[in-house]
Each structure stands twice: as structure tokens, then as C-alpha cells.
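A.B. asks: I'd like to ask you about the structure that follows.
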Amino acid sequence: MSANNMSDPRRPNKVLRYKPPPSECNPALDDPTPDYMNLLGMIFSMCGLMLKLKWCAWVAVYCSFISFANSRSSEDTKQMMSSFMLSISAVVMSYLQNPQPMTPPW
């Protein structure tokens, strides 16, 4: 084992730990996808609630899932959870008002 340590070219005192650059220095790392999907989810859920369109309510649930999946863990989740609950309530209310299966929009 000591023969391996002698032939090892690495120097432990020269090892530097990687530190990612702060996001305010590089705005390209800030992905706007969760924010856009959150906004789309709220718009579609309001359309699903007000216009009683079931497909809008389901698209709102889909957008909320995408927003939650693409968000960073350090972000505040209150807005995402309110968007998710709004989309779920749009689906529930649209099926409570008209329990028949969804008809295709085309």
C-alpha cells in the first residue's frame, strides 16, 4: 500500500473544493420555467373554474406538477402550493358541477 502512495501524483495540499458561482453573477443559471408554469397553471385553473372547462383544469394540474418539479429547493413553496391547490380545486369543482366524462375539445 505504501508503494501506491509513493507513486500517487496527487498533492492533498493543492486540492480545492468546487464552489458553484452565485446566481446573481450569472443570470443564465436562473431558469424561468417554474415561474412560467406556475403562471400558466393559475391561468388555466381560473379558466377551468370560471368557464367550466375540464381540459383547462387538467392542464392546470399538469402545469403545477411541472412547476413543482423544476423549482429549486431553496425557493419559497407557498406560491407553488397555492397554484397546485387551485388547480386541484378546479378539477374537483368542474367534476362536481358536471360528473360526466370529459369530452375532447376538438
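Yeah, the Cβs are placed from backbone N, Cα and C, and that goes for glycine too.
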A.B. asks: For ARG72 and MET102, give whether Swiss-Prot records them on the same side of the membrane.
C.D. replies: no
A.B. asks: Taking DSSP states H, G and I as helix and E and B as strand, how many residues of the topological domain 'Lumenal' (96-106) are helix, strand and coil?
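C.D. replies: Across the topological domain 'Lumenal' (96-106), the residues distribute as 2 helix, 0 strand, 9 coil.
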A.B. asks: What residues in the same chain, six or more past the boundaries of the topological domain 'Lumenal' (96-106), come closer than 8 Å to it by Cβ-Cβ distance?
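C.D. replies: Those are 52-55, 58, in sequence order.
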